[in-house]
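These features come from TrEMBL:
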- 267-323: domain 'VWFC' (DOMAIN)
- 394-433: domain 'EGF-like' (DOMAIN)
- 434-478: domain 'EGF-like' (DOMAIN)
- 479-519: domain 'EGF-like' (DOMAIN)
- 520-550: domain 'EGF-like' (DOMAIN)
- Cys522-Cys532: disulfide bond (DISULFID)
- Cys540-Cys549: disulfide bond (DISULFID)
- 552-592: domain 'EGF-like' (DOMAIN)
- 599-633: domain 'EGF-like' (DOMAIN)
Amino acid sequence: MPSSQHTVNILAARNYGIDPATELDLTKAISLDIDNLHGVEQVPGLHNNAPAFLFEGTTRNVMLDDSYMMKLMNMLSTGTEFTMMVSFLQDKKNSGSIICISKDHNRYMDLFVSTRNGQIKFYYSHDGVVRSESFEVDLTPNEWHQVAITISGQEVTLHLDCEEAINVRIPEPDLTFSKRDLGLWLGQRGSEKALYKGYLQDAKIIAGTHGFVAQCPSAARECPTCGEYMDLVGLVATLEKKVKTMEFQLAGALNRLDHVESCECVKHCEYNGQSYAHGDKWMEACTSCTCTGGEVVCAPAVCEPVYCKNPVYQDGECCPSCLRNCSASNGAVIHHNEYYYQKNRGTFCSKYQCQDGTKRQISQDPISSVCTTPSCPANQRFSIPGSCCQFCEGHDFCNAENLCTAPKICLSHSTYHECVCPGGFKGVGDTCVDVNECAEGSDAVMHCQEGSVCVNIQGSYRCDCLPGYSRASDTHCTRIDECSQGGHNCSADATCVDAVDGFSCVCNDGFIGNGETCIPECYPPCQNGGQCELSGECTCPRGFKGKQCQNDVDECERQIDDCTGNSQCVNLVGSFHCECNVGFGRTGAITDNGESCVDIDECAEGHTCHKGTLCNNLQGSYECRCSPGGNCDPNCWISKKKSKKDGSTWDQGCQSCSCE
């Protein structure tokens with residue numbers, strides 16, 4: 001192609017992000033080894049963002065390194081959809097392979113184009129048999145074309161010059177290549193076979209859905225592809241299989257659980273060298289221990305109540321016990337360990353002690369040393385059994401100390417004293433126990449009126465108010481109305497409802513919540529974080545609009561973005577971002593407002609100028625100029641035989657071109 005002082009400036013479509021792991025760029029791969037390739041020359045292409053090459057001659061061998069074939073096999077083995085794409089300007093009456101996987105004379109996958117027949121062919125393998133699909137298209141010779149062929153399961157879609165041309169169904173191609181020594185070729189089918197002649201640029205294989213969008217960003221891609229549908233079908237089948245497996249495992253687990261619950265698992269205990277069965281109880285140093293499910297649980301021993309005046313602790317016992325009482329000569333009961341006096345013949349008084357049912361004489365003293373002389377006349381004095389002394393009428397027999405053991409109290413009678421239980425207690429043996437006045441049918445229960453409950457206490461009872469009631473008297477409580485008295489925490493948009501045990505809060509119509517907090521209710525509800533107002537309308541956050549905030553605001557269309565001149569606005573759901581234009585910053589890079597989108601010096605970082613020309617950097621682009629003293633054509637050559645005049649503009653596929 002003749003060199004030119006001018007350049008073809010192409011406003012390339014914005015580059016959509018492609019994961020490098022799913023993309024194989026064949027033209028970029030051969031650019032790394034261009035000096036060693038015969039019949040291939042780097043030339044200006046359809047645009048300046050990637051290298052382009054002229055394929056000529058009949059003795060070339062452009063096969064990529066084995067590492068590229070391995071990457072391609074890995075890419076194709078992980079999915080059901082991929083795209084083969086290329087930009088090309090083919091010589092007139094030429095037929096040749098552009099991207100081909102082959103061995104010897106056998107092709108296993110091949111993108112084949114022919115300006116001779118006006119055809120694009122896709123060769124593929126199914127069940128070990130090579131098949132082909134032909135597409136009759138208008139391939140104008142000596143003009144650039146863009147072709148992308150997408151294989152999605154059993155569906156093949158051809159895009160020509162960014163327009164969907166043909167969509168057909170085929171048997172699903174084999175994508176797991178088992179043949180060894182397969183070669184990945186560019187511009188030919190094998191060694192000197194099906195040689196393509198013309199220009200190539202952006203020859204790529206992209207795995208995954210909607211790969212053609214990398215070539216034609218404006219192409220529609222709303223509908224799911226066949227491959228996506230097949231992936232979804234496979235996912236559903238996998239989930240169904242997992243659910244059935246889990247149902248089977250759950251049924252087995254439930255059966256085992258039923259068996260475990262019906263099985264008596266008896267575990268014994270080992271404690272201080274002794275073995276105890278489940279449920280065994282024993283004493284260990286005044287501690288009560290129990291074997292429960294293989295574990296020993298110990299707690300301080302709980303003693304049964306004893307009903308005697310003077311209980312004792314026997315050696316080796318942890319709980320008190322009662323010993324036997326004694327009987328005096330007059331029939332009176334003498335408790336264990338208590339003393340009593342008995343008058344003997346003459347003037348002596350004997351002192352006895354009861355010890356476990358046996359009377360033992362402690363001393364014998366003159367009556368005068370034991371008793372005081374009564375203050376009343378001798379004819380008014382009297383004696384009582386069990387005492388050596390005489391008493392006057394009205395004597396207080398409770399005057400002596402320690403006559404009764406608490407809680408019993410002493411009552412003095414005319415000739416004796418008596419130990420009785422106080423009110424609220426009843427006698428059980430030699431001691432007193434509390435009376436439960438709150439037991440069903442007792443008088444106390446009748447005394448506690450509605451709104452109160454009887455609570456037993458030692459020796460008495462009290463009437464406690466139930467929740468929602470306040471005390472009016474010892475036995476009477478009145479109901480509290482928190483709603484009328486303002487003792488509630490209901491929202492201002494709620495109604496307080498009084499109840500027996502308190503109150504409840506109910507949000508008013510048009511509000512929702514727990515009653516303590518009520519917020520306006522919008523129907524249908526607000527979307528995308530919208531707030532419902534008292535008016536029943538939604539207040540939308542920034543980036544959304546509509547009655548329910550259901551619509552996205554296109555900041556780019558409404559020109560409310562703040563992207564600078566070297567970037568363009570890209571609308572997002574609820575927001576937007578700025579992407580650098582071609583030739584500024586990193587093409588497609590996301591930036592806050594475009595300030596970081598500065599001009600790229602393509603001449604320093606990489607360009608496609610012919611070796612005989614000089615690269616001149618421009619704002620957002622570059623141009624190729626002739627060397628000093630060279631003979632330059634002012635026209636722009638876009639092929640060997642076709643050129644555009646200086647200053648002309650034209651459309652090429654999805655690009656707008658100009659010759660300057």
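From the backbone N, Cα and C atoms, a Cβ is placed for every residue, glycine too.
All protein chains considered, the CB of Cys549 (disulfide bond) has 23 other CB atoms within 10 Å. Taking a C-beta cut-off of under 8 Å and a sequence gap of six or more, Cys532 (disulfide bond) has these contacts in its own chain: Ile519, Pro520, Glu521, Cys522, Pro525, Cys526, Cys538, Thr539. Taking a C-beta cut-off of under 8 angstroms and a sequence separation of 6 or more, Cys540 (disulfide bond) has the following same-chain neighbours: Cys526, Asn528, Gly530, Gly546, Cys549. Residue counts for the domain 'EGF-like' (479-519) under DSSP (helix as H, G, I; strand as E, B; rest coil) come to 4 helix, 18 strand, 19 coil. Each residue in the domain 'VWFC' (267-323) gets a DSSP state, and the totals come to 0 helix, 23 strand, 34 coil. For Cys522 (disulfide bond), the number of other Cβ atoms no farther than 10 Å from its own Cβ, over all displayed protein chains, is 21.
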